């Protein structure tokens with residue numbers, strides 16, 4: 001077959017096992033910073049790539065081949081499973097996901113359908129199966145977390161402050177819980193389907209959860225996340241929970257039945273460990289440093305790696321996604337550096 | 001004159017003196033949530049209000065009269081002092097400040113002029129003098145902090161991630177420092193002028209500083225803030241430093257020569273005190289709770305007040321600005337509750 005031997009370093013790190021070097025992948029590692037991706041986007045819209053297994057697998061593989069990262073992540077959007085449940089969503093370049101029918105009332109919550117991934121998103125399963133034949137690194141599946149999904153659904157698009165979302169949560173706690181329950185089921189069903197199709201780990205993106213105070217998280221969000229990670233635990237694949245600006249929630253996350261916590265750059269690994277976090281950790285380079293000179297980036301990466309390597313269960317990543325202005329050669333060099341510096 | 005006796009509760013709390021009750025004011029307490037403000041905005045653009053002392057004083061007084069808060073804050077924008085130094089800025093409704101000539105190179109930094117507030121912004125001094133005759137509560141002056149100002153200057157408008165700003169900071173540390181020096185001088189000169197005109201306290205808004213990691217803050221920002229607060233100390237009026245999502249920076253802020261730290265809702269007062277913060281604190285209600293039913297809002301306010309009253313030096317406020325969807329009667333009730341609940 002001529003295929004490379006399977007590289008399971010990333011999965012081992014998720015399980016806090018000994019690894020030959022620190023594994024690395026990057027959130028949004030397939031994207032507009034790549035000339036090849038921009039070329040493909042001239043032919044296909046975002047959702048056209050998503051719906052076409054051959055193209056979607058190609059885009060997913062691109063950063064693995066180009067950067068040498070230790071994991072692939074399915075190319076999709078957190079909005080992908082919302083289309084079939086009745087959400088009118090479009091990814092608008094330069095703006096993000098825009099919702100044509102935002103949630104304003106309880107009736108809007110009730111209108112959301114359940115998901116049947118095999119029927120609604122067969123292309124996702126096909127893409128994953130194709131990728132499993134093609135890849136020699138683990139494939140990460142993913143979904144958005146209910147709070148972050150609901151923030152788009154309620155605000156109607158990206159927001160800076162989530163007042164409407166939190167206002168709905170405070171004012172209509174029962175309806176909020178109904179929405180959380182519905183989105184939790186979507187997340188569980190969608191991720192279980194990805195895992196059944198071949199995803200070897202899953203990450204739940206709660207990108208905007210950092211806007212919620214700890215007491216509100218405990219009351220309005222934690223039970224839903226508990227339910228999701230408990231359901232996923234039955235699959236046996238490692239689970240990762242990501243949030244940005246969410247250091248204040250780490251003590252609560254530590255009690256969730258999730259394997260890996262993905263942290264941003266506002267708290268360092270040592271400080272997270274000092275909070276009593278024993279789970280595997282992922283992160284925590286500020287993506288803005290990708291615009292810095294190499295010497296600076298190397299210094300930052302080294303400081304993170306020195307902390308990360310101090311105990312098993314560490315995966316190098318950014319604290320948030322790669323962005324269009326980043327450049328490929330910087331990420332290539334960074335990936336090589338991480339491997340070289342941590343090789344035992 | 002029939003004027004009310006001067007209410008100095010807010011100033012006493014800034015100085016950590018005993019107060020008869022917990023003082024309260026709200027960031028962006030004059031704004032689009034007020035029908036009267038919306039009416040005025042039909043006649044005048046943002047900067048037309050700002051440039052017209054009679055109208056600007058009226059808008060500044062509106063929330064004091066309407067809500068019964070214990071301080072007024074000059075109606076202006078953090079962009080106000082940037083126009084005279086050569087920045088082409090417009091406040092675009094629904095978007096925020098948009099910059100026609102963003103900073104891209106060192107030449108752009110060098111092009112920024114120094115400010116001569118008396119010549120460039122005489123209407124600010126006139127408004128302050130007028131307000132001092134009209135108000136029976138302290139008048140807070142304000143300015144944007146260099147990092148937050150530079151984020152608009154470099155990104156060209158509001159941003160969610162500040163990659164360009166931080167990229168510039170990492171890649172061109174000398175030019176970054178030149179920009180910080182220039183903006184620090186603007187901030188110092190502008191605030192000193194406000195104080196000379198009659199402002200009785202000043203708040204420095206570093207709204208987006210929470211996007212910076214602690215190590216970068218220490219290296220690239222702290223010396224500038226040290227310089228600003230050291231210069232302001234000479235005036236003798238209380239100084240307040242505000243940032244959002246910035247709990248990770250509190251241990252550094254604690255060493256700045258500033259009197260009051262304004263915190264958002266991601267860290268509570270008890271937790272801030274546990275970090276060793278002895279300065280006066282301001283905050284920390286999540287503004288989204290203004291959309292909650294009164295009973296919920298009251299419970300939140302009570303929990304905050306119980307922590308705030310535990311030692312002298314506490315000012316009730318939101319963790320960020322009032323927003324257009326908030327309503328006047330909820331803020332009136334909240335203000336009354338804070339006064340009643342904390343009265344000794």
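Placed from the backbone N, Cα and C atoms, the Cβ positions cover glycine too.
Some features that TrEMBL has for this protein:
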type	residues	note
BINDING	B:28, B:29, B:30, B:31, B:32, B:47, B:77, B:152, B:207, B:320	substrate binding site
DOMAIN	B:23-32	domain 'Uroporphyrinogen decarboxylase (URO-D)'
DOMAIN	B:140-156	domain 'Uroporphyrinogen decarboxylase (URO-D)'
SITE	B:77	site 'Transition state stabilizer'
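Shown on the structure are the features that TrEMBL records.
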{"residue": "B:28", "record": "substrate binding site", "contacts (Cβ under 8 Å, 6+ apart)": "B:321, B:322, B:323"}
{"residue": "B:30", "record": "substrate binding site", "contacts (Cβ under 8 Å, 6+ apart)": "B:37, B:59, B:60, B:62, B:63, B:73, B:75"}
{"residue": "B:32", "record": "substrate binding site", "contacts (Cβ under 8 Å, 6+ apart)": "B:38, B:41, B:324"}
{"residue": "B:77", "record": "substrate binding site", "contacts (Cβ under 8 Å, 6+ apart)": "B:46, B:47, B:50, B:91, B:97"}
{"residue": "B:207", "record": "substrate binding site", "contacts (Cβ under 8 Å, 6+ apart)": "B:78, B:144, B:148, B:242, B:243, B:244, B:320"}
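Residue counts of the domain 'Uroporphyrinogen decarboxylase (URO-D)' (B:23-32) by helix, strand and coil are 0 helix, 1 strand, 9 coil (DSSP-based). Within its own chain, the domain 'Uroporphyrinogen decarboxylase (URO-D)' (B:140-156) is flanked in space by residues 25, 71-74, 76, 78-79, 81-82, 87, 89, 97-99, 102-104, 128, 162, 164-165, 168, 179-180, 183-184, 186-187, 190-191, 194-195, 199-209, 212, 221, 224-225, 228, 240-241, which lie at least six positions past its ends and keep a Cβ under 8 Å from the stretch. Counting same-chain residues at least six beyond the ends of the domain 'Uroporphyrinogen decarboxylase (URO-D)' (B:23-32), those with a Cβ under 8 angstroms from any Cβ of the stretch are 9-10, 12-13, 38, 41, 59-60, 62-63, 67, 69-73, 75, 140, 242, 262, 315-318, 320-324, 331, 334-335, 338-339. Site extent for substrate: the farthest pair of Cα atoms among B:28, B:29, B:30, B:31, B:32, B:47, B:77, B:152, B:207, B:320 sits 23 Å apart.
Helix first, then strand, then coil: DSSP counts for the domain 'Uroporphyrinogen decarboxylase (URO-D)' (B:140-156) stand at 10 helix, 5 strand, 2 coil.
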